[in-house]
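Let me begin by presenting the structure, written as structure tokens, before commenting on it.
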Amino acid sequence: MSALFDRLLQEVNETLGNETQTNVTIEINSTAPSGFPTIDFSDSPSSVPTLSQAPSLVPSANPSFLPTGMPSESPSIFPTTEEQGLVGGHQDEALENSLRIYGSLFVVVMLVFCWLRKKYPRCYNIRGWVEGLRTPLADEQYGFYDWIWKLNSIEEKVMMDECGMDALCFVRVLDFGFRVASVGVLNSIWLMLVYRTADKTEATEFITSAVVSLSTANLPPGSPRLIATVAASYVIFGFTMWSILREFEWFIKFRHAFLTKRLARNYAVYVQNIPIEYQTNAALTEFFSSAYPGTVLDAHLAMQAAHLKKKVDERDSVIANLEHAINIREVTGVVPQAKNLITRQTSGSAIQGYGDKLVALNKEISYSIETLIENANHIEAHSVDDDSFMGSTDDSFEGPKSPLAGGVMGFAKNSVKGVTNISKNAIKDVGGAVKGVGGAGMHVLGSGANLAKSFIIHEEDGAALSAGFVTFNSLRAAHAALQMIQYNQPHKMEVLEAPQPEDVLWKNIGKANREVQIGKLISFAATAALCLFWTIPMSFISTLSSIEGLRDQFDWVGSMIDSSPWVEPFFAQLAPLLVVGAKELLKVILEIFSKQEGPISGAVVEASLFSKLAYFLIIQTFFVQAISGSIVSQVSNMVRRPELIIDLLAGSLPRRGIYFIQVLLVDTAVSLATELLRVSAVAQATIRSRVGPKLTEKERNTPFLGIRPFATPQKFYHAQNLSNCVLDFVVFFVYATIAPITSFFVGICFFFKAAAYRHQFVYIYPTFPDSGGHLWANFFKLLPNLMTIGQIVLQGMLGLKKQPIANALMLPLTIATILFQIYVKQQHFLMTQYLPTRQAIRADERNSGSEDYSFVQGKFVQPELRVREKYPENGNEEDYRNLTGKDEENMDLDDTVKKGN
């Protein structure tokens, strides 16, 4: 010890300089903590700062710039005490507080949830009573706590059929993480003994933390025990690579089984950037029919229909109001009256008013749809018969612009006679229907006039877009179309996998390639800028990682802790909570960026969001907090002794593992608590039960202003939840051998996440939309990168520890991991994208006896073009006749608009 204090004395005298004479003495003070010496400056001039006056010379116990959850650390030449919490009990206490707070919270949540799920099945077993979501799996709720393992016994094929492919893949990733972490746990049993039993040296004698002593921080530089770290790495990463190959075998089997299902998405393709000469339904159908004869069911080219969509949305709103008005009459016996919003005076029956408006809207929408379709058919007849219209068969010929590209007016310029006849027929139908001269009849007549006017004003409706869907009656043809190059120019006639019809984002269908590329560029630039500037709030969170940092930032915190010391452990958990909160905010922002890329479906948005979140969490939450956090915590010591930078970082990096354990505990406890208890869903359902229409069962089960009742659960956000697993894996791969105790906590997190989310998929979440496991592929594309990151960090730590032999032994493992990544990218991911030919043929042979393709035909027509007339689901027979204008006696229009009460 005397040599150490001599070095300290020499350092202090060198730091204070030779210009001022200062006598520095060291004496043992019995009142000092643990009997450590105190430094006394005697006869020092007032101009010379003492150590207490020069915090920049000697690092404080907890500087305000300290990263999240990381206590300050002094180099080995500075004697530090457990009470100061630098390399001693403070870290143990921080981890103990996290376990006490969040462990207790999670235990209480699990007990409460196990009671609630049996007591209130209407809230915690949605798929057991909601029509359209019901599943036989939800009929059995199991016991108070044995559901945790009994749900794990559900066959995977049944899980896929009843809960969806995405749900199965998600829990499979969690199970994979648990298996890998279990190997880490077995590894850690002997590895922690190796670290703990290392002899104390000058560099490690001040480590008194039980947790830190179980990490490589307890090994002196050059220790041969670091070879054990390398051996453990070979076990963990070798097992992970073997497990990845097994997971591919599993996924390929289930992915191909999913692709053979009779789903609309499996029998259709999405075609974008269609050349102009093929921008009609007939031309597109003939293009694919010539390549795959006898297999094309239909082709639906998207068209602009903004005005029609507004009318359809308006009709939906009118129907909702009309249904509610009828419900008021049926439930209360009182006919609701319409009121003038300005004068507040009644203007007759609300049912009659909404009925009149619905009749008019149905007429206008019906004629609009008929006109758009007839115009398109007329153009297609010309396009098929007229070679000059279709263009040359030479692939180099670009062809004239499709008449549909100019909308209805564009077509009129090419075929005036066709539009004139159609318009005359439409107006004739309206005039023939209006036989009465009442107000309602005039209203419909006016609607007919407005309709004719709309053909001129809204000329953009009907303009052809450069994208559409093609449906097949054969899996072999659909997958052949996906894998073949269809055109001889880049970004032309691109064929992509079709999403489920209900998942299509129609507003992005038909976007020009240039617009999509610009959107992707903007999204990438915005994400990169956010990643750069996100360091600012994360750095601020770092300053709140210790009680001293909180005191420096907020005076009221110090006063509260002084008056109520019992709140100190809660303030110590503030930084991990803020990290979790910042991550939730980040998900919202990055989802906005992803939607700027012109995705054609929600599944594409999820895939883009997952990639952004994954890399963001790796860069910001891990690297910024782990690497730069270790540097910032030692910057004062590095300035004083630059030659000790390597030793400082080598000791600091392993101790950051405690912080990440805290983050995982907070994230798991808080996320699973809100997920299992369904905090948001219960709050929304409670509000919905008090606001909005609720006269009938249908009204009570319908969302109002975005507020959802229990019967309409929110979809599961796979990308956001799967991205959380990325952080779990990267922490495991980095710290499984550096701080082996991390494996225990990672394994616990994976175990409870798998049990909780498996329960939610069986009892709560709907099966749609289902991407068919695309996020599984995205995750396993990323996983080898996470392994490489862990190995590079480990090699860096071994270099800092000055152990060249161990570092050299790690190099073959890193090379093997990179080669493994190259190997699986050659064919494995390709096998998951498409259905093999022989398997597709066998599936077609099994389905050859069925001529029913209603599951796919017409499913990819734009929603606004599907329904010409729509009516309320409630009301009596008289209401229905009055609204439709149909009965046995062929009621005229006067009778149609008169509402019977």
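Cβ atoms are placed via backbone N, Cα and C, with glycine included.
Here TrEMBL flags 867-888 as compositional bias 'Basic and acidic residues'. The feature domain 'CSC1/OSCA1-like N-terminal transmembrane' is assigned by TrEMBL to 98-247. The annotation domain 'CSC1/OSCA1-like cytosolic' is assigned in TrEMBL to 267-371, 461-508. Here TrEMBL flags 520-797 as domain 'CSC1/OSCA1-like 7TM region'. Residues or ranges marked as region 'Disordered' in TrEMBL: 867-901. As annotated by TrEMBL, transmembrane segment applies to 99-116, 176-195, 226-245, 521-541, 725-755, 775-794, 806-824.
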PLDDT averaged over the residues of the domain 'CSC1/OSCA1-like 7TM region' (520-797): 81
Any chance the domain 'CSC1/OSCA1-like cytosolic' (267-371) and the domain 'CSC1/OSCA1-like cytosolic' (461-508) have 3 or more Cβ pairs under 8 A, given the pairs are 6 or more apart in sequence? yes
Residue numbers, six or more beyond the limits of the transmembrane segment (176-195), whose CB comes under 8 Å of its CB atoms: 213-216, 218-219, 225, 228-229, 232, 235-236, 239-240, 243, 247, 725, 728-729, 732, 736-737, 740-744, 746-747, 750-751, 754
Look over the recorded stretches 99-116, 226-245, 521-541, 725-755, 775-794 and say which has the most C-beta pairs under 8 A to the transmembrane segment (806-824). 226-245
Sequence-remote partners of the transmembrane segment (725-755) [C-beta within less than 8 Å, at least six residues beyond its ends]: 106, 148-149, 151-152, 171, 173-175, 177-178, 180-182, 184-185, 187-188, 191-192, 195, 211, 214-216, 229, 232-233, 236-237, 613-614, 617-618, 621-622, 626, 653-655, 657-658, 660-661, 663-665, 667-668, 672, 779, 782-783, 786-787, 789-791, 793-794, 797
Using a threshold of three or more Cβ pairs below 8 Å, and leaving out pairs closer than 6 in sequence, do the transmembrane segment (99-116) and the transmembrane segment (775-794) count as in contact? no
Pull the DSSP breakdown for the domain 'CSC1/OSCA1-like cytosolic' (461-508) and write it out as helix, strand, coil residue counts. 15 helix, 14 strand, 19 coil
